[in-house]
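Each remark here refers to the structure printed beneath this line.
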Amino acid sequence: MVRMKMKKKIDIEIIDKKQIPQSEPERQYYFMDIAKNYVEQLAAKKGSPLTFHVTTFGCQMNARDSEKLVGILERIGYVETDTEEADFVIYNTCTVRENANNKVYGRLGVLQNYKKKNPHMLIGLCGCMMQETVVVEKLKESYRFVDLIFGTHNIYKFAELIVTAMESDSMTIDIWKDTDQIVEDLPVERKYSFKSGVNIMFGCNNFCSYCIVPYVRGRERSREPKEIIREIEQLVADGVVEVMLLGQNVNSYGKNLKEPVTFAQLLEEVEKIEGLERIRFMTSHPKDLSDELIEVMGRSKKICKHLHLPLQSGSSRILKIMNRRYDKEHYLELVDKIRAAVPDIALTTDIIVGFPGETEEDFEETMDVVRKVRYDSAFTFIYSKRTGTPAASMEEQVPEDVIKARFDRLLKEVQKISAEKAEALTGQTLPVLIEEQNEQDASLVTGRLSNNSVVHLPGTADMIGKILDVKLTECRGFYYLGERADGNGQTV
Ligand code: 5AD
Ligand code: SF4
């Protein structure tokens, strides 16, 4: 850990630390008590509770990590506020594409102004972007007002890092290259009472040639199945009806455990948990999607009718250079098998346009897969050069105008197919998990179908967290309007 200078930044009575526990999570609970004392001291001086705001960039993994940050901040006495004009602001960052990084630098300028008005304010940065050496160098150089920087491997140490940052007068930086440690049983504050993400594994071993994730999230580590089941049982006891099992590549779950378990076997165990109604998972890699998993999905009563299966490119030539380890034919075969086992499944995907060396023919192969698979929706990305990845040094980067034209063609096709597919469900009555009151119209609530599509319907806050039958009365492109129905499809 690097501490730039030693002088107390904020005015607190520093607690003498004796007998710091060496084992986790006890050590973190010890630091939470100390941090709580500091927060109380500062709140007494301020005359009101200290506030915090966590801003999350990136994927579901980051969203879950942010819930862990919030859990600790609330436990030590901070109160959440919905503005970034707070006593403690954390950015949980993403670095999968360059523009994610640029957004963070832009917003840091705004935070600096808030800090000028509130000198006791703490600014923390964590997440994937912090695992890049160039980023930390730039922050040390030009963003000296940042108080705390940590990465993806030591987020469990947040309480200890808060104490360090509060006691020091300068930037506290703690970045680890990798870890094999998984710390269980730390506080978590869920965003939704009725659904939750559950980490089942961390890291990624795939090294797709365009992707920075293996460099910032480290090697694959799976949690023990019994820890996962115990966590889900506790969540269900606490009112959760839907879980999203999270990992960069869930299909290779369990391979590195002392007693190896497959992802399909884990799903079967999760299915047995009484009271749990829906199971989702993210993200699947086509190369590791097994027949066993397809079978389990076909049999399951709880696994949602949705599979996110990133394609990236439809060209076998490009897939090879991307190091994806499947080709167009294998991908299309997988899709056929899944549709045969789960006929009403929604398929979604990620596609990159403009990977180095992508020709018009390669791009047409991608369009061909899009037309053949007919995705329910697709996230389309313009290739972003990530320093340190093999693709960044490949020659033949595709000109920007060519990429833009291809991207527009792809998006148009994807949207046309999505709208046609969505229309096909209109008139059906299907179960919807009601998730929130509609932001624009308080007389409506918003929920999701098993296939992950969004439905708005007239309703009240007491419906939130319940799974109700809803008749889809109208399709509006990528969402539906609906009405509550009884079991016979009659609206009520
Ligand atoms: N450029 C553009 N898109 C990328 N993705 C990952 N790396 C890059 C990159 N360098 C996309 C992939 C992945 C999704 C999360 O982000 O499609 O599936
Ligand atoms: Fe972004 Fe990837 Fe990190 Fe998720 S794992 S936050 S997508 S870089």
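Backbone N, Cα and C define each Cβ position, glycine as well.
Caution: TrEMBL annotation is automatic and unverified by curators.
Annotated features in TrEMBL:
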- 50-167: domain 'MTTase N-terminal' (DOMAIN)
- Cys59, Cys94, Cys128: [4Fe-4S] cluster 1 binding site (BINDING)
- 190-420: domain 'Radical SAM core' (DOMAIN)
- Cys204, Cys208, Cys211: [4Fe-4S] cluster 2 binding site (BINDING)
- 423-486: domain 'TRAM' (DOMAIN)
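Ranking the binding-site residues Cys59, Cys128, Cys204, Cys208 by other CB atoms within 10 A of the CB puts Cys59 at the bottom.
Other Cβ atoms within 10 Å of the Cβ of Cys211 ([4Fe-4S] cluster 2 binding site), summed over all protein chains shown, number 21. Around Cys94 ([4Fe-4S] cluster 1 binding site), the same-chain residues at least 6 positions away in sequence with a Cβ under 8 Å from its Cβ are Phe57, Gly58, Cys59, Asn62, Ala100, Gly127, Cys128, Met129. Among the binding-site residues Cys94, Cys128, Cys204, Cys208, Cys211, residues whose Cβ is positioned under 6 Å from ligand 1 are identified as Cys211. Shown in sequence order, Phe57, Gly58, Met61, Asn62, Thr93, Thr95, Val96, Ala100, Gly127, Met129, Val213 are the same-chain residues outside Cys59, Cys94, Cys128 whose Cβ sits within 8 Å of the Cβ centre of the [4Fe-4S] cluster 1 site. Checked against ligand 2, the binding-site residues Cys59, Cys94, Cys128, Cys204, Cys211 give Cys59, Cys94, Cys128 in sequence order as having a Cβ less than 6 Å away from one of its atoms. Regional average pLDDT for the domain 'Radical SAM core' (190-420) in the model is 97. Residues in the domain 'TRAM' (423-486) partition by DSSP class (helix H, G, I; strand E, B; coil) as 4 helix, 36 strand, 24 coil.
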